[in-house]
């Protein structure tokens with residue numbers, strides 16, 4: 001029978017519930033417990049796919065093509081569990097499902113209400129997502145006290161009763177602010193947050209207290225007394241310079257032992273040696289490289305969460321410190337590429353919209369002409385093709401139809417037809433809805449023999465995750481290949497271009513991929529493409545300093 005750990009948050013948002021939940025999952029998994037994670041988002045959007053990165057941050061794509069919250073990326077990076085459409089749902093999805101049932105007559109003429117119909121639907125979604133796991137760690141988005149979260153909190157309250165006390169554990173993450181004028185951490189916000197939770201009918205079993213300094217013993221006892229939890233269940237979550245230190249931090253305070261005791265689980269001792277080794281690699285690099293990250297949302301790095309982590313993973317696996325320099329592509333448009341001169345490698349990530357594209361193209365041209373290692377992801381690959389078409393193949397006005405509908409050389413165009421993972425043909429047009437209509441999820445890619453891509457992956461066939469509407473235009477691809485562009489990866493059914501590169505005698509390391517390899521990178525194994533990219537940056541750094 002699956003047991004449940006519910007994680008809620010109070011006082012303020014952005015305290016790190018996702019990291020806390022993922023870290024707990026990592027510790028429990030190290031004890032031989034099969035875990036899964038769910039994220040319950042209280043917004044009315046059906047999914048975050050059409051939300052602005054400034055509003056939501058990164059959209060994480062699962063193997064089965066779900067556009068989900070970035071916390072699912074943390075879950076996959078910290079544990080071996082693979083997330084799917086069942087692991088993230090929103091108020092919008094719940095209401096949509098209930099309304100469809102009402103239209104079909106499944107409620108037999110009853111008045112459809114938040115309680116019981118919405119809460120019952122939430123519970124059924126939670127149980128479906130938790131199937132097959134020993135422990136499901138369920139994170140409830142938002143902050144206790146928000147109106148939007150109430151149906152979710154009521155649903156998990158009911159599950160606490162229905163599943164039984166030994167099958168549920170409630171963890172509440174809260175904030176202990178330090179007031180310099182008073183010279184102490186303040187517990188009152190935590191007390192009020194727990195009071196609010198208890199008024200809903202949920203008594204937390206464990207408190208995770210975010211703080212910038214250690215919590216004195218007398219303050220812990222005070223929190224325990226007034227929040228009705230055991231003193232050992234008041235656990236401090238101190239600010240850390242790496243999220244990968246959090247599992248060890250929580251294990252040292254016996255969080256996993258308290259959870260296992262509450263759930264009646266007998267399990268072997270935790271083994272966090274993998275995490276300890278990763279931290280050692282992170283803190284003892286043998287060299288450093290400087291990577292130019294040329295993007296549009298560089299003031300909000302949460303928009304590129306998985307990509308930043310993938311670069312950090314590559315650093316761990318190459319014993320190097322990766323210094324990421326976030327460069328606004330619009331600033332490059334205005335001021336030129338001088339800022340790139342001291343960089344060991346250049347990366348252009350995915351993105352949408354015309355703003356800043358010419359700055360990205362200028363950075364790509366600089367990488368190609370100066371033989372700087374280059375990695376282009378999604379839009380970064382498309383713009384690499386545009387730059388090659390313009391500056392090498394003689395197609396001076398080449399562009400993507402996403403940005404210039406009337407371009408005479410549409411080297412990038414809308415994908416109108418492709419095969420999904422099951423082989424089903426998907427079709428789209430310019431008039432299709434924005435939400436859920438991209439080429440999404442895991443897709444097979446065939447790699448050409450003798451290419452850098454084939455060497456990097458060590459395999460002729462790979463599976464990577466996609467999120468895009470536009471692709472390289474096959475009708476113009478042959479002309480680009482004649483001029484020296486190497487198509488190193490193709491989709492086996494539709495022949496869509498998935499990877500491009502430059503020959504080794506032209507450039508030491510220049511790769512573009514239509515997919516998002518960052519979604520499958522994790523700290524334990526890294527990802528071959530990012531590891532090879534950082535190695536190329538190290539080689540350039542050594543040669544330039546040589």
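Cβ coordinates come from backbone N, Cα and C, glycine included.
What Swiss-Prot says about this protein:
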- 1-265: region 'Amidoligase domain' (REGION)
- 13, 186, 187, 188, 189, 190, 191, 222: UTP binding site (BINDING)
- 13, 146, 147, 148, 186, 187, 188, 189, 190, 191, 222: CTP binding site (BINDING)
- 14, 15, 16, 17, 18, 19, 71: ATP binding site (BINDING)
- 71, 139: Mg(2+) binding site (BINDING)
- 290-543: domain 'Glutamine amidotransferase type-1' (DOMAIN)
- 378: active site, nucleophile (ACT_SITE)
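The full span of the recorded ATP binding residues, 14, 15, 16, 17, 18, 19, 71, taken as their largest Cα to Cα distance, is 12 Å. In this structure, the C-alpha atom of residue 15 (ATP binding site) lies 13 angstrom from that of residue 139 (Mg(2+) binding site).
Neighbours of the ATP site: apart from 14, 15, 16, 17, 18, 19, 71, residues of the same chain with C-beta atoms within 8 angstroms of the site's C-beta centroid are 9, 20, 21, 139, 173.
Under the three-state DSSP scheme, residue 186 (UTP binding site) falls in the coil class. Distance noted between the C-alpha atoms of residue 19 (ATP binding site) and residue 139 (Mg(2+) binding site) is 10 Å. The DSSP secondary structure for residue 16 (ATP binding site) is coil. Between the CA atoms of residue 187 (UTP binding site) and residue 18 (ATP binding site) there is a gap of 23 Å. For the UTP site, whose annotated binding residues are 13, 186, 187, 188, 189, 190, 191, 222, the maximal Cα to Cα separation is 24 Å. Cα of residue 139 (Mg(2+) binding site) to Cα of residue 17 (ATP binding site): a distance of 7 Å. Listed binding-site residues: 16, 18, 189. The one with the lowest count of other Cβ atoms within 10 Å of its Cβ is 189. In sequence order, 187 are the residues of the chain that are 6 or more apart from residue 222 (UTP binding site) and have a CB within less than 8 Å of its CB.
All protein chains considered, the CB of residue 191 (UTP binding site) has 16 other CB atoms within 10 Å. Of the recorded residues, residue 14 (ATP binding site) and residue 189 (UTP binding site) place their C-alpha atoms 15 Å from one another. Across the structure, residue 17 (ATP binding site) and residue 188 (UTP binding site) place their CA atoms 20 angstrom apart. Closest to residue 190 (UTP binding site) in space, going by CA atoms and restricting to the binding-site residues 16, 18, 71, 147, is 16.
Neighbour counts of Cβ atoms within 10 Å were compared for the binding-site residues 19, 147, and the top value is held by 19.
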